[in-house]
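According to TrEMBL, the features are:
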TRANSMEM  A:12-33  transmembrane segment
TRANSMEM  A:54-80  transmembrane segment
DOMAIN    A:56-259  domain 'ABC transmembrane type-1'
TRANSMEM  A:100-121  transmembrane segment
TRANSMEM  A:133-152  transmembrane segment
TRANSMEM  A:180-201  transmembrane segment
TRANSMEM  A:208-231  transmembrane segment
TRANSMEM  A:243-262  transmembrane segment
Amino acid sequence: MRRRVLPGLPLALGITLVYVGIIVVLPLAALVFKAASLGPEDYWRIISSDRAFASYRVTVLCALAATVFNLFFGLSLAWVLVRYRFPGRRLVDALVDLPFALPTAVAGIALTTLFATNGWFGGPLSLIGIKVAYTPLGIIVAMSFTSIPFIVRTVQPVLEELDPALEEAGQTLGASDLSIFVSVILPLLTPALLAGVSLSFARSLGEFGAIIFIAGNQPFSTEITALLAFIRLEEYDYPASAAIASVMLLTAFVMLTITNLMQARALRYTARG
Amino acid sequence: MKIRLDNVVKTFETFRAVHGVSLDIESGELVALLGPSGSGKTTILRMVAGLEYADGGAIYFGDENATDIPVRERGVGFVFQHYALFPHMTVGENIAFGMKVSKVKRSPQAIAERVKELLDLVQLGGLKDRFPGQISGGQRQRVALARALAVDPRVLLLDEPFGALDANVRRDLRRWLRKIHDELGITTIFVTHDQEEALDLADRVVILDKGKIVQEGTPEAVCRTPANAFVMNFLGDANRLDADIRGGKAYVDDIAFEASGVADGGGQILFRPADVTWREHGHGIAARILRVIDRPDSRRVLAMTGSGQPVEFDTAPEFPHRKGEQGFIDIRRPRVYATA
C-alpha cells in the first residue's frame, strides 16, 4: 500500500461508512422493508388512492412553484449581496440563514399569523381577493420560506469567485450586459443553481412543520403527502404510512439523480483532457 | 489608429492613481507602459480601453474624442493578465464570441473561417475544441490574443500579458508578439513592470512613477540617457554613490566626475555594475573587496569604498582578486543627478 501523509485512513473510512449506514441507509431500508410487508396489491391500492394522488399533486406542484420562485428571488438576493455594498448588507446576509435556524413550526405559526385574513399581509391581500392562508398559495409561501437559503448559499460563493475580468472581457468584445449575463455569467452559475434548485425542491417536498399550520390541511385540496403519511402513522397504520413515504423517497431520489446528471453536463468543461 | 492622451487624471476614492498624463501614440506603434506597481500604468491602459473613466482630461482615438465612448463601442482589443477566457466555452467559441455578439452580422461560415484564420495566426490550429482548462498558460494567452483580434480592434491593449507565465515561455511569447504586431501593424499598448520585456518588445517605452510619466523614448534613449535616478534604478542594477557637486563637477572621495548642468550642492552618481574596472594601482575611488560571487558568465564583486559606501560590479570569470584586497574602482559612463 502507498504510504500516506495522514494516518488512520482505514479507521476513518470504517467509522464514516458505519455512520452513513446507521444514520442514512438503515432508516431508509426499514422504510422500504415496512412498505414491502404489504402485498403488491395493497401497496398499489394505498399509494394510488385518490386522496394520496391529490396529495402528490398539491405537494409536487407547490414545491415546483416554490422552487421556481426561489430560483429567481434567491439568485437576485445572492447577486445583490455579492455585487452591491449597502448599509445593512451584513444583516441581510445573516437573515438569509434564519429559515434554517428557525424551528419550522415557528415559521409556520408566524407565516400563518401574517397571512391569515386578519394578519398584516393577509388583510390587505384579502381586500384584492387573494387568499393565502389555508390555500395552496400558503403551502407555496411556507415552502419558499424554508428553502430559499439553499439557492442563496449555493450561488453566493460561486458568484463571489467569478472573475470580474470575464465581464470586462465580454464588454471589450462588444457584448451587451444582457448577452454577458446570458452567455457568460449564467452558464458559470448553472451548476450552483442546479444544486441549489435540487436541494430547495427536495426540502420543499419534505417540508412538514411550516406547512401544516398554514395549509388548512383539507384532504384533496391542501393536504400534503408528508401529512398524509403522518395521519396514517397516527392511526397506527405503519405499513400504509411507509408506503406513502416510499413514494416520496423515490421521487426525491429520481429528482436528485436528474439534477446530478444535469450538473455533470453543465460542468463538463472542467474535465481535464 | 493614432491615440492621444491629454492631461488625463484618475482618482480612486482618496488615492490619486494618475496625475495629468499626456501621451501621443502613433498609428502602428508598439508602446510599453513601464513602471513599478502603483505607478498607474494599468489604470492608464484601462482608461484607454474604457474600463475606467477618466476624472479629468481627454482621450482621442484619431481625431475623435473617445473619452466618453463606452467600452463596448470603443473598438479595442484587450488582453488580460490572467487571460479571462470564458471557461465554459471552447477555444473556438471564445474566439468567436466577439463576432457572435457584434452588431455587424456575420454568417456562421464566415465566423468559422475567421476563427480558423486566427487560430493559425496564433499557431493553435489543433486546439479549437479544447476548453481553456485543458491548455497551458502560454496557449491560453495566445487564445486571449486571438479573441481580442477577432473583433478587428482599432487598438490592441495588453495588461501584463506575460506576467503569469514562466521565464522561457515569456521570452518566446514576447518575440512572437513582436512578430504578430509587425505582420498586422495594429497600434499596440502594453503594460509591464518588467524592464527587460519593455526594452525587448517596444518601439517606445513610457516610464511611469507615482502616476506621472518620468521619461518616454526609444529603448536606446531611455537606456543611454535615463532622465533621473529613478529611471536609472528601475531599468536595471545600478550603484549609487553620494557626491558633492561644485562648479559642474561631482566629487566622490576627491575623484571628480563630469557634471555639467547639475546644480551645486548634494548629488549622486549612478552607474551600472558592468561599467566598473578594478585596478590595483592608479586612478579611481579607493575600495576594498568584501565578497566575490560566481555566476555562469561572470564574477560579481561586492566592495566598499573608502568612505563606506557599497558598490557592486561585474568582472570577467578570470578576475583574480579575493576578499579583503584593496584597490581602486574606475567608473565608465557615470550618470550624475542632483539629490531629489
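Glycine residues also receive a Cβ, built from the backbone N, Cα and C atoms like all the rest.
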- Query: Between the stretches A:133-152, A:208-231, A:243-262, which one has more Cβ pairs under 8 Å with the transmembrane segment (A:180-201) than any other?
  - Reply: A:133-152
- Note on the structure: With the cut-off at Cβ under 8 Å and a gap of six or more residues from its ends, the chain residues touching the transmembrane segment (A:208-231) are 50-52, 54-56, 58-59, 62, 103-105, 107-109, 111-112, 115, 132-136, 138-139, 141-143, 145-146, 241, 244-245, 247-248
- Considering only Cβ pairs under 8 Å, which range in A:12-33, A:100-121, A:133-152, A:243-262 makes the most contacts with the transmembrane segment (A:54-80)? A:133-152
- Note on the structure: Of the listed stretches A:100-121, A:133-152, A:243-262, the one with the highest count of C-beta pairs below 8 angstroms to the transmembrane segment (A:12-33) is A:243-262
